[in-house]
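> Got a structure for you, questions after.
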Amino acid sequence: VEILLFLYVVNITFYHFTRPVKKDYLLSGALAVFLAILTVTSFTGVNPNNSFWGNLARANGVFTWLHFAAWYFLLIQTFKDTKDWSKVLGMAAIGAGLVALTIIFERFLPASWQNSAGGGILGNRSFAASYLLIAMGTSITLGLLLKNKWRYPSFGVAALTLTALWTTGTRGALVGIVFGIGGGLIAALFLVSQKKIKTVVGGIMILFLLGTLGTLALAQASLFKNRFPTLANSLALSRLSSGTAETRLMAWQIAWQGIKAKPLLGWGMGNYDVIFNKYYNQQFLKHSFAETIWDKPHNWLLELGDSAGIPGIVSYLALFIVAGYCLVRKTHLPKPTMIILLATFIGYFTQNLFLFETTNALLLFFLILAFISSGNDRALEAGELTVAEAEQKTIPKFLLIPAALLLILSLFKFVYLPLKSSYYLSRAHAAGNFLTWSKRTKQTLAVPATFRPEAAIFLAERFVQLDKGGFEITTSGTVQAGFELGKVLDEASVRYPDNPLFSLWAGRVYMVLGEKVDQKYYQNAEKSLLAAAALSPEKQDILILLGRLYLLKKDFDQALSYQKKAVAVAPDIGTSHWFLGLTYVASGNIPLGLEEIEAALEKGFSLTPSQKLYVIDLYAGQKRYDKVVEWYEALHKAEPENIDWYVKLATAFALAGRKAEALQTVREAVAQYPPLEASASKFIKQYKLE
């Protein structure tokens, strides 16, 4: 965008251009107000750096929105008549068609381009669906504008994008399509004056309603589920009570708490993670540790309220209202085109109630806004504004020098440095050992990029993953890199005192250093984790980490205290009981540990195979062979052909004094695997089974 702006300045320096004097700035004004509110609230929020510049994960700070504003400005200044806009929309249609093809035929893409997210080259299926929904509207608009043979390929692209969107099975986008079509039909009733056409539209509305309800009912049938599993899964009514739906509703409730806390100016864009941790709902842990980390509520209106308060929501709604008004009253477009664009707006707005704004979709959203804003150009084209009402403009040539310097500075600061840092970070995150990780970590942290604190979190995540993977810290360079990383996170926690994530990850880095290098780092870990707990005192993952830290320090009383706190905030969640049980076992109280482990299992906690064997060993150590039998019976039932379970189950029966069952199990094992006969005879004699 910076390069395009510079080229635009060059263009207007050497060439005159005309614009209508009576240009309507209503839509541009509404957009300017919305962006001004986002900008102001980014500096009044809890993390201005993150709000304005954005972050690595989402790249959606105010700075990005201002780039889209520049994109909008360039479009309305450059493209004037229907012929120009047909070319722009044509390029957008080509791009949309290619994206759709990569989704529909993803298995034919190069292996490096394929992914499990179902979104083709866009990756995430939800992001792709959001883009495809609005691309479908722009493609149909192009087809309606064109009066030649190229209109049919445009409609073909629209059909292709619909097919790809259907393939993604994204519920939010599917709901958006339904509401978009419904809203478009309602708009047609008001825009069309002929009574016969109104009657036809009314009939279509009834058929559409019946078809929607019929499809929803059909999706519950087994035949439909077998034929279209992805789509059926999205339309299944049972999903309304699924874990995804439950966590989404909890995230919305937290977002609402954030709006109520700061209704006027919000928390600044991109700071939902602060709100999430402050008003954390302990039930998230029921679904997994991954669900205890959210950076967006997956509802754009709520996110906007958290970002910029009520003014942000109002200005965003006003932008849609003004765009719709200008579309109908000022664009001089045919009514079918108006209806399609209104339907696109309604569908896009609706699907964003289940997601958030993404850069791919925003590219087309701002394109549509610019297309609508150029209505006076079509008025000039149609002769409704005279040539005398247009003016010539140019700018002094000496402005090219500061413009060029600004371009170079901008590219260096906002393109080169972030790209360099991202490259090193990607290499660190892909590192297969601590040696590579430490080298890339130092390189990443040495780059003065705006998102350095967030990069530190990703680096800490990989550091912990390598430790869990069994890799050893063998060099002083790794220790130095880890300690430097901890300091960067500590500095970020001081600079942004409302966000516990910096302290949390600093604590995790120091814990690894304390356990694997030198216990002196435990002091740093304790300080960081206690700071995180102060900001989010009922967040179980922080409490559990503190419990583990004190366990490593052999402070069993403190370890048990924090694990009990994790249980107390949500006693119905098995995960916390599991960690409390492990802590009891480590402290030497195995009976109480087994009680908590049993409580965890009763509350739905699932064990890995290695964890199951660990629990069996605990029961065996307590000579509770009845429980050992019970567990091995379950394992044998799950894997009846696994000969190891026969052997272990027979041993458990024998130790439990259930000789007949032990003998029967031995015979079944020999029948399935005859080479065991000699060992079986020894076993029978050893335990006097005959």
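The backbone N, Cα and C atoms fix where each Cβ goes, and this holds for glycine too.
Owing to the predicted nature of the structure, the values given are computational and were not obtained by experimental measurement.
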> Given 2-19, 128-145, which one carries TrEMBL's transmembrane segment label?
128-145
> Name the residue range among 152-168, 543-559, 645-661 that TrEMBL annotates as transmembrane segment.
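Residues 152-168 are the ones TrEMBL records as transmembrane segment.
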> What mean pLDDT does the predicted model reach across the repeat 'TPR' (540-573)?
96
> Provide the three-state DSSP residue tally for the repeat 'TPR' (540-573): helix first, then strand, then coil.
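Per DSSP, the residues of the repeat 'TPR' (540-573) fall into 26 helix, 0 strand, 8 coil.
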> Do at least three CB pairs under 8 A connect the transmembrane segment (152-168) and the transmembrane segment (88-108), leaving out pairs fewer than 6 apart in sequence?
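Output yes: the transmembrane segment (88-108) sits against the transmembrane segment (152-168).
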> Taking contact to mean three or more C-beta pairs under 8 angstroms, with sequence separation of 6 or more, is the transmembrane segment (128-145) in contact with the transmembrane segment (152-168)?
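With 3 or more qualifying Cβ pairs, these stretches touch.
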> Using a threshold of three or more Cβ pairs below 8 Å, and leaving out pairs closer than 6 in sequence, do the transmembrane segment (174-192) and the transmembrane segment (308-327) count as in contact?
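No; fewer than 3 Cβ pairs under 8 Å.
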> Could you pull out which residues elsewhere in the chain have a CB under 8 Å from any CB of the transmembrane segment (56-76), counting only those six or more residues past its ends?
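Residues packing against the transmembrane segment (56-76) from afar: 1, 4-5, 8, 28, 31-32, 35, 38-39, 42, 50, 88, 269-270, 295-296, 356-359, 362-363, 366-367, 369-371, 373-374, 414, 422, 425, 451, 454-455, 458.
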